[in-house]
Amino acid sequence: MGIHGLAKLIADQAPGAIKEQEMKNFFGRKIAIDASMCIYQFLIAVRQDGNVLQNEDGETTSHLMGMFYRTIRMLENGIKPVYVFDGKPPQLKSGELEKRGERRAEAEKLLAQAQEAGEQENIDKFSKRLVKVTRQHNDECKKLLTLMGVPYVEAPCEAEASCAALVKAGKVFATATEDMDGLTFGTGVLLRHLTASEAKKLPIQEFHFSRILQDIGLSHEQFIDLCILLGCDYCGTIKGIGPKRAMDLIRQHGSIEEILDNIDLSKHPVPEDWLYKEARGLFLTPDVVDCSCLELKWSEPDEEGLVQFMCAEKQFSEDRMRNGCKKILKSRQGSTQGRLDSFFSVTGSLSSKRKEPEMKGSTKKKLKTGATAGKFKKGK
């Protein structure tokens, strides 16, 4: 879900913090990509006659086709992508996940009605609402990325939080996702539409977090409180407080606690057992991948492995797979003259513990590494 209305609010209040870019402008950049968001996009967009692509066994293959070609497109533009997969969702997200389940159940009813009435437009609409990224989708994409020579990371919790940690640690330049909560987790740069279909011709939006805070006059903690007021995945919101009012209240009072002391709670009731403090803590000190022990390597594709997996098992065209491998190899040759930051290597080990930066008091947190030895092929 992300943060309700945040993109528009930033566009209104801090337009100078947003740049419109073309993909070629990120040549030589390492970019952490929210994998689940990408796979969801592919399942929605990569279709034939309104239906997801399938192989002869009836297995969905839209996610694989999307992942293969969109990744190649980035590589051809000199980008070094690293995909970050979600881990276990935080307990605070259970309410949001329950709501999503209710919306799916409603969509199933509406789909059945549309099918009975033969309303193709509604059939397409409600079918897309039922799209869900499964563990099998994730596992197949991880296998594909390994065969393509592209690294991936398994986050211990929310992918966007670990993407932000990679940016903060200087391992990558930006987080690529459609959800704005990457900014709430503190990513220095957030990119939207990087993995969108080329046919849509959407410019890539580049958000700069420090400029956002500067232009709206808030600290990171105040920005987090603003996002909670707008609406996030982890708790409810105060009734009757829209985006502009939320911004005004945070600027005036500085925190949710002070706002609650200064508004009419009979007109603006708060949710029962409102867990805004817990949500704030999750944004400030999330469970993230240990960047100090992470090794990211981009290597040559395993052409025969790709043909076996994508052609023999998934029934893709062998010619297209081999042509794709040629494009990957060519992109590797072209990317040797990259940006200065591409010449620095990252070293790591299998597991470790680290402390989150101290933000309020001294909070110690055990963190799990998202990289294991089998997930990255050795580069030349």
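Backbone N, Cα and C define each Cβ position, glycine as well.
Looking at 318-326, 327-335, 336-344, the range annotated in Swiss-Prot as region 'Interaction with PCNA' turns out to be 336-344. Site annotation for Mg(2+) 1 in Swiss-Prot covers ASP34, GLU158, GLU160, and the matching candidate from ASP12, ASP86, ASP215 is ASP86.
In the record from Swiss-Prot, residues ASP179, ASP181 bind Mg(2+) 2; the candidate from ASP225, ASP233, ASP248 listed for the same site is ASP233.
With DSSP classes pooled into helix, strand and coil, the tally for the region 'I-domain' (122-253) is 69 helix, 15 strand, 48 coil. For the pair ASP181 (Mg(2+) 2 binding site) and GLU158 (Mg(2+) 1 binding site), the Cα-Cα distance reads 10 Å.
For ASP181 (Mg(2+) 2 binding site), other Cβ atoms within 10 Å of its Cβ number 23. Around GLU160 (Mg(2+) 1 binding site), the same-chain residues at least 6 positions away in sequence with a Cβ under 8 Å from its Cβ are ASP34, THR175, THR177, ASP179, ASP181, GLY182, PHE185, THR187.
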